[in-house]
Amino acid sequence: EEQDRLLQNQPDQPQNPKVLRIAIIGAPNAGKSTLSNQLLGRKVFPVSRKVHTTRCKARGVVTYEDTQLIILDTPGLTSPLKAKRHKLDEAMLTDPWDSMKHADLVLVLVDVSDHWTRNCLSKEVLQCLSEFPEIPSVLVLNKVDLLKKKYILLELVTELTEGIVNGRKLEVRSAFEHNSSSSAKPPLQITQASPPENRAREPHCLQETGQAQEGCSSDNSGDTRASESSLVAEAAQGPNRYGPRDLKNMKGWPCFQEIFMLAALRGEEVDTLKRYLLMQAKPGPWEFHSEVLTSQSPQEICDNIIREKVLEYLPLEVPYGVTQVTEIWEEGPSGELLIVQNLLVPRKSHMVMLIGRGGKVISRIAQEAGQDLMNVFLCDVRLKLKVDVKS
């Protein structure tokens with residue numbers, strides 16, 4: 001009831017409100033929901049190692065002083081063939097495109113730990129970007145902490161940007177080439193972020209030197225490596241619109257304005273990205289009350305978190321056929337939330353897998369989902385799960 005009231009009431013506008021609508025797109029399992037949760041500061045979107053955990057677009061809301069960030073967490077961009085294989089709704093194909101129509105900025109997330117897909121943007125992502133070339137886009141390289149060879153990041157940046165960032169051509173040079181007495185500094189370079197305990201870790205974003213941006217500032221307190229490579233930009237301006245024939249030969253997108261490198265799961269450099277996003281906000285009315293964290297209803301959050309655990313503990317395609325039916329949702333005498341949900345599966349063999357030997361699997365799912373729900377709702381949650389075969 002409180003969530004409904006906050007969503008229906010007029011936002012509590014400040015005197016000079018600013019807003020930024022952000023679409024996060026990328027291949028399935030790139031880490032879009034994890035990044036959304038980190039930006040929000042609380043887990044409200046489901047996260048799983050299996051693809052297509054996010055089934056529909058949902059909005060997260062970050063309100064900081066006079067600025068509101070509206071995060072459009074979308075399903076991974078996929079093809080009709082793959083959607084059919086996973087028995088996905090049509091919304092899985094259309095929601096990312098709908099989110100782009102309402103976005104002021106688009107974050108393209110790439111999982112650099114996946115050596116099968118990291119060297120090029122998917123056909124669906126390129127098509128989406130080319131359809132909306134007027135929307136500023138930012139490349140976010142995720143899971144950089146899983147890369148043992150950091151020089152790969154420089155190669156990936158060149159490939160995923162087609163060698164162009166913010167209208168300028170990039171070339172990789174060694175920092176040794178720059179004489180310390182020379183006044184000519186490279187207009188673009190990767191800066192080093194220095195975590196407090198372990199200095200000289202992975203670089204975190206591309207920025208213009210001489211124009212220090214708060215959202216992409218480097219930490220000079222740590223020791224920088226003289227051999228650190230940098231990216232140098234030369235003036236280059238490509239066409240804004242690309243046709244199907246152009247996209248066929250492209251591996252990356254030459255219209256990115258910025259590049260960020262982070263580890264969303266561990267939260268590294270997410271604050272840097274968040275500050276950058278707050279700086280990009282433009283004057284405009286808020287969409288949500290400052291106390292709203294997500295546009296989802298509590299029931300939708302509950303369904304998503306339980307489905308996340310089911311995806312984690314069931315093999316292969318099995319969990320995609322599970323139907324969730326909430327039988328009880330009520331407040332207990334001490335203010336705790338009582339939830340009883342029935343999980344309907346298509347086959348008896350699936351039921352056996354979901355229950356597990358001695359009920360261990362379903363008990364673990366209920367325990368972990370209940371803990372996550374307590375963290376979201378900030379109250380005690382008693383969750384009971386039942387399993388039946390669909391009649």
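Placement of Cβ uses the backbone N, Cα and C atoms for every residue, glycine included.
Model, not experiment: these values are computed from the prediction.
Features as listed in TrEMBL:
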{"type": "DOMAIN", "residues": "18-284", "note": "domain 'Era-type G'"}
{"type": "REGION", "residues": "26-33", "note": "region 'G1'"}
{"type": "REGION", "residues": "52-56", "note": "region 'G2'"}
{"type": "REGION", "residues": "73-76", "note": "region 'G3'"}
{"type": "REGION", "residues": "142-145", "note": "region 'G4'"}
{"type": "REGION", "residues": "177-243", "note": "region 'Disordered'"}
{"type": "COMPBIAS", "residues": "177-195", "note": "compositional bias 'Polar residues'"}
{"type": "COMPBIAS", "residues": "208-230", "note": "compositional bias 'Polar residues'"}
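The region 'G2' (52-56) scores a mean pLDDT of 50 in the predicted structure. Residue counts for the region 'G1' (26-33) under DSSP, helix first, then strand, then coil, are 2 helix, 1 strand, 5 coil.
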